[in-house]
């Protein structure tokens, strides 16, 4: 239930049984697509989207044979067609249908986030401590993989992304971090006019309902419930105190006046349950007659009349369908799916599209480029006291924790356990933090696919503003094929140096007096790893994604040859088509991406509705007393 067990305890037919929680099969050409799970004989390819999901191989001929709508079927139309019910799509579906005269269709490739409408029957999503299960389960997950990374010992990196109502907000670690004010001021300088901090902060507040109440930085009445941890774990206290002993300030709100320092992290957890955008935005709006939300709909193409988007084509239950948009088509598939759909629809680098035989609608070479992500690694220490979550991962304790959560939504199942963390600067002269810590009184190894074997605690640490950028391209014209993903990790000297600092600074915090009662031998990287060369080798072997792909349809000025959308999220050169999700970030922010993506959707919803932009000028932001020192 908590962090690393390889078998889950699942309630079925009135008793607990164990079942394997990870499913991954390597098939020729790495084509991974949803497949039904049905009782009885195997289903045909044409029924492959009608029920639960599994991985299987589909040929282009099978894809082409999916049945098309008959000529006498009337094609439905809505004011807005929104593709993707993730962190952005759920927000847009809610806000755009607040206007009763408008209608919206929300298309999601995955299933609903609740089975039979029950939180408890869908505990793998809604129990905060169960988050690891869905990172390694294909049911709610796209299961992406990158190309081998030349600067990481040729490792193929696993990228889980949400395919379910709520998208990755239904799979993530529920950490609510906005980034630094200067991230948004940088966006303004990069050509995203009107996206500086004073124009973004009001939309963070609009979205949020913080349990500590409203102030100039926090919201108090928004749909997104945000809370602090409740475990009061001694190792979290030790981490914060050790950070202070190492010379870093304490911050009482990483999302407020002062990001820099160590402190308690905010989480999207409400009354012991994950609070995804499906819970916060979509489900409260489902009763509106002007909103329709469909599941298991793989959108395959945007339809155009000249340069004007008029609808989309998608496949559901093995049948190709069409729907028209009277006002706009809005793509909210995320940093991988959104550029993939644009390219499949003829929007992207013209040379690449022509090589695949895709008719070019608009030459935009930035589509799929500028890919940015956060890498992180784990610095891990053995614990001399039996107070970590190691025992909680044993079958008996898992059952006990699960039962408490199922009956009362309390206990160790009601938190993601990343309750403390911090932001620091890697070196002098850095204007604002560029390293992030997530502290965990336990262990996560290889996305939770390896079972911990010792009492230990760890910090997840990584640079926030990597200078390495990547790309993604279509593998084929088959929309069921995953795109080719090349993040180009660790391609610059500064990225390598910053990771070296991450290890050294983490070790320094763990060596402070606050950890004396708990500190055992170092487990990772291990006492034998001391030289810069050894640390660099450890980074190449162990660093992994922090699950933050972004920037592949960047927002910018029309004069920027790599821009894909303008400051209103409209695709350049086309009409009635927007992209709204983490893909349109001009550059990655200094923190987790769920909160900024929700903010962007809130702000763009106001733009679409023609509402005046919210602004809060002159909000004070912490500045270090000096930049001559690192802390």
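Positions of Cβ are set from backbone N, Cα and C atoms, glycine also.
If you check TrEMBL, you get these features:
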BINDING   164, 172, 173, 174, 175  FAD binding site
DOMAIN    162-185  domain 'Glucose-methanol-choline oxidoreductase N-terminal'
DOMAIN    334-348  domain 'Glucose-methanol-choline oxidoreductase N-terminal'
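Everything TrEMBL records as a feature, shown here on the structure.
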{"residue": "164", "record": "FAD binding site", "contacts (Cβ under 8 Å, 6+ apart)": "108, 110, 111, 112, 113, 125, 139, 140, 170, 171, 278"}
{"residue": "172", "record": "FAD binding site", "contacts (Cβ under 8 Å, 6+ apart)": "131, 162, 547, 592, 594"}
{"residue": "173", "record": "FAD binding site", "contacts (Cβ under 8 Å, 6+ apart)": "131, 416, 418, 438, 592"}
{"residue": "174", "record": "FAD binding site", "contacts (Cβ under 8 Å, 6+ apart)": "128, 131, 267, 268, 269, 274, 275, 416, 418"}
{"residue": "175", "record": "FAD binding site", "contacts (Cβ under 8 Å, 6+ apart)": "265, 266, 267, 416, 418, 421, 438, 592, 594"}
TODO: Quickly jot the same-chain residues contacting the domain 'Glucose-methanol-choline oxidoreductase N-terminal' (162-185) by Cβ under 8 Å, restricted to those at least six beyond its ends, or write none.
DONE: 34, 53, 84-87, 89-90, 108-113, 125, 128, 131, 134-135, 139-142, 195-197, 199-201, 204, 226, 254-255, 259, 265-269, 274-279, 282, 293, 295, 334, 416, 418, 421, 423, 431-433, 436, 438, 547, 587, 589-592, 594-596, 598-599, 619, 621
Task: Within the domain 'Glucose-methanol-choline oxidoreductase N-terminal' (162-185), residues counted as helix, strand or coil by DSSP - done: 9 helix, 3 strand, 12 coil
Open item on the list: Across the domain 'Glucose-methanol-choline oxidoreductase N-terminal' (334-348), what does the mean pLDDT come to, as a whole number?
Closed with: 99
- [ ] Using DSSP, tally how many residues of the domain 'Glucose-methanol-choline oxidoreductase N-terminal' (334-348) sit in helix, strand and coil.
- [x] 11 helix, 2 strand, 2 coil
